[in-house]
Each structure stands twice: as structure tokens, then as C-alpha cells.
Amino acid sequence: MGESDAYYNGGQQQQYNGGYQQQYQPQPPAASYQAPPQQPYQQQPYQQGPPQNGTGNGNGYMPAQGYNANEKGSFDEQFKIAKPKYNDLWAGILLILVFAGFVVVSGLALQGYSANKGNAGDGIYNNKNDFSPNTSTVILFMFVLAVAFVLSYAYVWMARLFPKQFIWVTGILNVCWAIGTAIFYLWRKYWSAGIVFLIFGLFMAFCFWTWISRIPFSALMLKTTIDVSKKYGHVYLVSLIGGIIATAFSAWYAITLVGIYVKYQPAQDNPSCADGGCGKGKVIGLIAFITFAMYWFSEWLKNTIHTTIAGVYGSWYFNPHNFPKDATRASAKRALTYSFGSIALGSLLVAIIQFLRQICNAARNQEGADGSFVGYAIFCCISCLLGLLEWAVEFINRYAFCHIALYGKAYFAAAKDTWKMIKDRGIDALINDCLIGPVLSFGALFIAYACALLAYLYLYFTDPAYNSDGQYTAVVMAFSFLIGFQIANVFTTPISSGIETIFVAAGWDPQVMWRDHPELYNEMVRVYPKVQQVIKDR
């Protein structure tokens, strides 16, 4: 398991400096709950964190009221921040300004679209606009949104109803779908899309084959999070609300995108160009801005949902017999107030990388359409490198936001503390062997493939005049893929949030796992024996 193996096998106990907290000593419960028998060896809570934020309670983790079974405390009492403040406020303000800019651009674009509605058309066929995407494209995007919403919602419910079979079904269907659509595109001689989808399909088939041995552990963790979500908090309600917001914003983005083309695309028969306000550079610049804004807002929404759900699962882990009555509401409030800037900052880093990847993919598709295989290969390599960078930043984000959800620290400090804990505890071994993150990415890709295929078929059968030479096929498919992928990611966020929070919480205080969740701990040891080295036998 890489560094974690060296850590385990070296036989050296982590040496800590002075001034760290005392080992948490659990108080006997006041009700009839019987604690498991005392283990012969007790692993101390992680001594270098998490930060106490001025509370001075001295424990290895924050909740101080978690074991009084006769009284339910609130989330804010159990995860108290003594001196709360708005962290990384500049990033939150910048997000608001970017969103305001999106609103302004959208208003201008929609005003132009409305003023030229007769030219843009009011249906799928017989539109006068033959120089840019028009009302027919808007209708296409509405179909894409509907498909993305329905498939994403069904995918989450499949995970809820069949957690054990979920991983197998996702992997097999995704590989078959990717390769099948690739063959279809190649048959249609749409070489750029066919080659890309074929490469992805074969790569995913290889990955899934290498993951088979890790499926039992992953299935156990998925089943655990699903079971918790059915009993505590409002996990699926948060997922549904987030999905609705993501779908509505994507619809807004899609209409704005078409409006920019209608208002600013230079063409002799474009009535909007009568005052000389059109220009290809203006179209490219505005589309780049709204696409970046869409990436950032979508990431912020996804991470806000993740942080909210992390508060729910953190409450369950530390207080299974005294679950706070307002966990979901209070966690969401903290994510939208004190942690708003921190979530915006982490989301900004990912949005920048995603935006660069989108530019790279557009350039790659253009090179493929022009028949330049050298340029196509170069942009493929750059896209892969950006993909690796995006994965690394998202990995850090996911676990840092679990820390932020419970302890309210600033982004960079939380990321640093959490990363150090993960490496010192060897939690990275559990994370690497849990497939839920990749499986959910597979599911999101499946939905994105479906949306892209729908866009291709729509353009093929309707044959709009503006796409007579196929010049907009790659653009429309790319944005359809993007919309489907982002909506699916928002819907599935709560599923992975639970597992990630359990891993982080187990790293901060492993004692809680085998003391308050003995059945889960024993089952984890059965399917993945190395858990003992991470959670107890250190």
C-alpha cells in the first residue's frame, strides 16, 4: 500500500512533540447502552489534531457532549467553534462577483435572444437562423437536462435499493456503454468522438478488471453509508434539492449560451449585428466566462452539499447514541456562512483546472475534425495531465471539506492538517482500496455519455441549417456531455460524502470505531483485515 505499508512494517511508533492533547477518556453512558468490552490496547486519538479552535477541551476530536444518552445536544454544541469567523472571505466575495457577472451577461444575451426570437425560431424546424445555434438547440438542451436529471435520480435510488450490486452494475454498464457508443461513432465516421470514447472504454474496462478484488470492502462501506442515510439526517432530500438547483442552473446556462450566439455571432443575416456589436472574439470571450462561472458554481454547489452531508455522518460517527436533532440544518448553515469562503476557494481551484481541460478538449476535437492526428495526440496528453491534476486537487478537497464541516477551519489549514493525518494514520490505504469514488465517476460518465449521444442523434435527425457541415456538432456534444456530467456529480455527492467522512473521523479518533461501532469494525476486519493496522493495532 505504498507509504502506509512502510509505516506499518517499520514498527516505529509515531513520536509527538509536547503540548498535544490528552487521550480521550469516554464517560460511561447514562442509559442502558452497554459499551463493548475493553480492548487490551487502546489507540490514542490523533494527537496533532484536529484543531481545537480555542475550545480547549483537550480531546482528540471536538464533540464534548456525545455520550449523554439522556439528552440530545445540538450540532453546534457537539461540534462547537469557540470563536467562529468567516474563513477565506475573499474567495466567497469573488464567487459572488463572478456569479453577478454571469447574471449580467445572461441578461444581455437573453435580451438579444428575445429581441430576435423571430429569427431564432420557436421550434425544432424551419428556423431562419442558419449561422449559429438557435431555438432548436435550446430544445435539445432541455431534452439533455431532462435525461440527466432522470438518470441521475434513478442512479442514486439504485444505490439506495441495491448497494451490494451497485458497484458491479455500474462498472459493467459503463464499460459496455462507452465501447458501444464508440463503435457507433466510428460506424458513423465521426472519428474524433469514436476514438476518444473507445480509449476511455478500454481504459475503464482495464481499471474495473483490476478493481474486482476490492469490491467486497467497497460494497461494505457503501452499504454502511446507505444504512446511515436511511436513519439519520436528510441525505436524500439534500441530494434532491442540490440536483434540482444544478439542473435549473444548467438550463439557465444553456439558454444563455444560445443567446450569446444569437446576439453576437457575426453573420450578414444576423439582425443583431446591425449596430456593429458582433464579433467572434466577443462570442469566444463571453462563452469562456459563462463556462468558467458554470464550473465554479457547480463545484461550489457540489462541495456545499458534500460539506453539509459530512456534518451528518460526522455526527453519526461520534454520537451514534445521541445524534443531534438538527444535524442537517446546522451543518448546512455552517457551510453557507462561516465556511462559505473556504468552500468557494477549494471549488475555485478545481474550476480553473476543469476550465483548462474544457479548452483543451475543444482544441482536441477541432484537431480531430481537421484530420491532424499529431495535434489531436498532443491535446490528448495535455488533457490527461490536467485530469490527473484535477483528481489530486479534488482528492484533497473532499477530505479537507470533511474537516471543515466539523471543525470550521480555513481551507489551506484544513487541507494541510487532514492530509498529514491521512498519511500518518495510514488512512490513505483505506481510501485507495475503496472504489466508491471511481464507481460514482463511472456512473457520472455513463450519464454524460448518454447526454452526448442524445445530442448527436438530435443533430443527426433534425439536421439544423446552422450545422449543415457539422461545424457545431463537437461543440453541442461537448456542452451536453458537460451538463450531464455536472448534474450527475451533484446528485451522487452525498453517497461518497458518507464514506469519506467515516475515513476522516476514524483517522482523528479510531477508538470510536471499535467502541461505538463494533459491528461495522468487525465486518471491516472480515473483508479487509488491514483495517486493524489502521484503526487499532498501531
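Residue numbers in this text run from 1 along the chain shown.
Quick reminder: no glycine exception, Cβ is built from N, Cα and C everywhere.
If you check Swiss-Prot, you'll see LYS80 and PRO464 are listed on opposite sides of the membrane. Highlighted: of the candidate stretches 138-158, 166-186, 475-495, 166-186 has the greatest count of Cβ pairs under 8 Å to the transmembrane segment (192-212).
Contact between the transmembrane segment (240-260) and the transmembrane segment (138-158) holds: at least three of their C-beta pairs are under 8 Å, each pair 6 or more apart in sequence. Most Cβ pairs under 8 A with the transmembrane segment (89-109) among the ranges 281-301, 336-356, 373-393, 435-455 are made by 281-301. Within the model, the topological domain 'Cytoplasmic' (1-88) carries an average pLDDT of 47. The stretches the transmembrane segment (475-495) and the transmembrane segment (166-186) are not in mutual contact, being linked by fewer than three Cβ pairs under 8 Å (pairs 6 or more apart in sequence). Listed stretches 138-158, 166-186, 281-301, 336-356 were compared with the transmembrane segment (435-455); the greatest number of C-beta pairs under 8 angstroms is found for 166-186.
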